[in-house]
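Undergrad: Quick one: the structure is below, questions incoming.
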Amino acid sequence: MTPTKQHKKETFTHFIFRVFMILVGAASAAVSIELFLIPNDFIDGGIIGVSLILDHLFMSNPFLNFAFFVVILNIPFMIFGYKYIGKTFLVSTFIGIVGLAVIESSLHHVEAITTQPILATVFGGLLLGFGVGLVIRNGGSMDGTEILGILLTKKLPFSVGEFVMFINVFIFIWAVFVFGPEQAMYSFMTYYIAMKTIDAVIQGLDETKAVIIVSEQYDEISDAILHRLGRGTTKLKGKGGYTDEEKDVIYAVVTRLEVTKLKSIVFEVDQNAFITIMNTHETRGGKFKNAIH
């Protein structure tokens, strides 16, 4: 029986750096929400959007505020994320969401930066997108609807993007009745700007990424991806154009929430590995295994 290989775990220094970057992202999102969105009755999509609407509806109760709702509503999704994506994702997401709630609450008595709708839309969207993107780039998430989308679309004939958009349509329709059509339209513009900013921060919003890895340690890397990320790999035969040497090439498909973890795994095994990460237009067929890192 072949003994199970022991793989390196994330170093404490790298973990602290990730936590710092996640908190920077949470702070950016909190500033956007408290100083741009809430004063102008704007919302975002997903759990943040629902939390903003509920914050407005229960404004007479100081305890039922945005911070309360964004934590409570995300708890079920964090549990699902732990089960299907992994412990690292759970810890990163927990830090991001709690950080967002705490920082947003501490800004309650700070005056709004602007009440000009266009300025609030543009800069609120930019700050929110930057913050959420930074959290995702460092292995976490602030939006449970995307986690739910990743899980449900394994069994439903929809992409994650289609599922999230479907949910957000209902959230913005709800906003029309709560805030009025004009604020809902500004909110949609804010959401669009935020999504484009997230795209720029994490280099791609597709739910899955195709990854090609070239390394002399292809067996160990493939084994690490399987046992730490729970993803299968395909070994391809390649030949160097200059050296004419044959090489084994690893091909894998992962969700965008797993890209950070995959890169960490690869470079822990081989710092000289060559990685290419590509957006996939659509992924159909086959079965993703549950992540077990």
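Note that Cβ sites are derived from N, Cα and C of the backbone, with glycine treated the same way.
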Undergrad: Looking at 40-60, 208-228, 271-291, which one is transmembrane segment according to Swiss-Prot?
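TA: When 40-60, 208-228, 271-291 are checked in Swiss-Prot, transmembrane segment belongs to 40-60.
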Undergrad: Within this structure, do the transmembrane segment (116-136) and the transmembrane segment (19-39) have 3 or more Cβ pairs under 8 angstroms, counting pairs 6 or more apart in sequence?
TA: yes
